[in-house]
């Protein structure tokens, strides 16, 4: 028997079947670094239109987790897809480097500043610690395949950035947005510092719920208001609170002007309550026998005075819009030093902003004899006992409610009035302008707009001062007596900024005021406060984007972070940019959900359901992690588990196998010499290129819309359905058996080449390592890296006017599917082994029959059978299988006649008819020793 294997064009490529990504990716990264791939991309894109995605800085503390990976991978996909879309899209990664978490880490190791180390030495230790954290996180981010200027990231602790943060504050002061006040702020007694809104988390807490009677000073005036004379016992206004410890700071009782308030007679006394809450209050305090003596509107009670239950003063009834009928009594205990609503109404009525609580959460001396020095959370029982003793306690019970806690310590926090610096939301119209700016931004998903609008509309003034050691100094001088800012504040801040730019923030603490104030130095003091770290990161649009040369003065097009950043970085950036420049710092804001496990549970070390990105990369490779991110709808929670990652790995194999098939069959193809013109190509090959063109249109649209899961789905459909189960199957016969240099084969290779050129680019933003690997095996002259180019523009398709247009082949796909069903059944029944052992007759109605007949003898190649004939639908025998998809089609199968050709494996009647090649069929003889077969359609 002759060996005809050597006459076949068998696929051959050095591109490995197995990805072995965990082993192979580090080598690629080393090459990218050695070549300065990021620099090559920047040079290639120079002068193009820009797209700037500004990196929200992760905090420089701890290893990266799966959420960090999601964030950086999404950014990288966008940057790379924008590059392929013709944009110059630089990526400058950043880190947030100041603040409490770093201080706490350094304290754990070295103690608090002033104990073993001076404050200056402590700051130096903080800077060292942050630098080591940046280095660790940077290695992991690079390992993810994220391309960026990793050698020159921005750090909020860079001297120049620290200086520019001071300048940003100066601009805000110059625009009139800063004010000082003793105002209640979120205060953590463990941190001994004010907290930003974004540093507050809510947990369930059990607190005492109490109803307290405030005795009326002028009993007769109240009787007159309610139009009654016969009242049994004293009259009180009743408040309800879950924070008894705040009662020493009570300075008023708030009621609603339009609510009806009832005077209710109970045993031995009368109480004033909101009429709509009388029944629920009576049930709560256990009173069944009561009488409503009269009602008045809340406005009638304004400025009537009531005796504080245990402090030696009385307080007014005041009118407030914050009073509701949701719970309580309709009268609200008001302590301006312990709550933002209380503070606002207190300002309106000129109330004292009393703050009897020290920074450590204990009452200050002189508050009340039994309370001085007591922790406020331990004081509730003392206050309740006092109320009981004074006869003012109507009811007490325990209740569980959501309570604000410190994000770092997870301990309850308090509202505490302290002298702080604020960015005002309203004194210069910052709130109104911010709300206007929000409308000009594209929010992705669109619900982000309503979310941040609500937050801006309702947020208090922003407390930007902190009493910390490791932070950017506010760099302010205030008068010793008046506490007013120095009249040359902006000029002085610029002088400080220049020094910080040279020596870092320590320059402020080393600064002797005389150096820049001269003779005035004795009249002014340096403000010791540092800036909220959210001010650091929130001002990077100014301190980084506006000054980095690669951004060339362009504002950021996009901010992209987790959905918690509406109240974090998106908010602080919007506030600062609007206060500085009157406009938003971004054009688009994209948010992604949090990662959860396969059961939808939050990631938790205690549950043991965390997924380490480092483990995934070491086991499966970064491309699998990237594919999981891209294939998950990031607009909601993003589920990840070993099983989910395994599915991503399965999808990866399908894409890799498709790429490998293309490369293996491009063996020996030189596009410069072997390319077939579109008009001379086999029709099916043109259809395949057209499929790629249609897929590319969908994929590019999805990239443009940031719908990456749609990119993956479309890519998978192209690889699995249009290519894998149809086109690539059909062309194997022609590719392997036709003459090597025949039009039939070169046409096929031309199609595969166009498809591969497109496919590798579709993959590149997501499967960056694999795309780089594929790129290295593609034939023809090309740039060194896929990332420097643009989307492939060599695709074309069939014209609708052609007889065998896309609709024709779509119908052939369905016919092929129906034939496959019949063949599978015949294989199950042991009638045939493989499809080439079968011959089929297609009984079709005239319109379909005409299409099938048009393919002539090439129909069998489309169906992967040794024989295929077309007959009239009405002539179908009883055992012909009716198609469920195509009503005008029945399929009958028989065993193919003739002998099996050992070269092409088709069964034909002409095997052995040519004496010189007695073992093979006539078609193979032509391909081996003759002019070669001609293919027109398939």
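Positions of Cβ are set from backbone N, Cα and C atoms, glycine also.
Taken from Swiss-Prot, the feature motif ''HIGH' region' covers 58-68. Nonlocal intrachain contacts for the motif ''HIGH' region' (58-68), taken as residues 6+ away from its ends with a CB within less than 8 angstroms of a stretch CB, comprise 95-97, 99, 101-102, 105, 130-131, 133-134, 136-137, 140-141, 155, 562, 594-595, 603, 610-614, 640.
Other C-beta atoms found within 10 angstroms of the C-beta of residue 183 (N6-acetyllysine) number 26, with every protein chain shown included. Positions annotated as N6-acetyllysine by Swiss-Prot: 183.
Secondary structure from DSSP puts residue 561 (L-isoleucyl-5'-AMP binding site) in a beta strand. Annotation source Swiss-Prot lists L-isoleucyl-5'-AMP binding site at 561, citing sequence analysis.
For 602-606, the entry in Swiss-Prot reads motif ''KMSKS' region'. For the motif ''KMSKS' region' (602-606), the residues of the chain that approach it from at least six positions outside its boundaries are 65-67, 594-596, judged by C-beta separation under 8 angstroms.
What Swiss-Prot lists as ATP binding site is 605. Around residue 605 (ATP binding site), a 10 Å sphere centred on its CB holds 7 further CB atoms from the protein chains shown.
Marked as Zn(2+) binding site by Swiss-Prot on the basis of sequence analysis: 901, 904, 921, 924. The DSSP secondary structure for residue 921 (Zn(2+) binding site) is coil.
Around residue 921 (Zn(2+) binding site), a 10 Å sphere centred on its CB holds 28 further CB atoms from the protein chains shown. Residue 183 (N6-acetyllysine) is 31 Å away from residue 561 (L-isoleucyl-5'-AMP binding site) when you measure Cα to Cα. Within the set of recorded positions 183, 901, 904, 921, 924, the entry lying nearest in space to residue 605 (ATP binding site) is 183 (CA atoms). Non-local neighbourhood of residue 924 (Zn(2+) binding site): 4, 737, 901, 903, 904, 917, each in the same chain, at least six residues away, with C-beta under 8 Å from its C-beta. For the pair residue 921 (Zn(2+) binding site) and residue 183 (N6-acetyllysine), the C-alpha distance works out to 95 angstrom. Of the chain residues outside the Zn(2+) site list 901, 904, 921, 924, 737, 902, 903, 905, 906, 908, 911, 920, 922, 923, 925 have their Cβ within 8 Å of the site's Cβ mean position. Mean per-residue pLDDT, taken over the motif ''KMSKS' region' (602-606), amounts to 80.
A sphere of 10 angstroms centred on the C-beta of residue 904 (Zn(2+) binding site) encloses 22 other C-beta atoms. Counting every protein chain shown, the Cβ of residue 561 (L-isoleucyl-5'-AMP binding site) has 21 other Cβ atoms within 10 Å. There are 24 other Cβ atoms within 10 Å of the Cβ belonging to residue 901 (Zn(2+) binding site).
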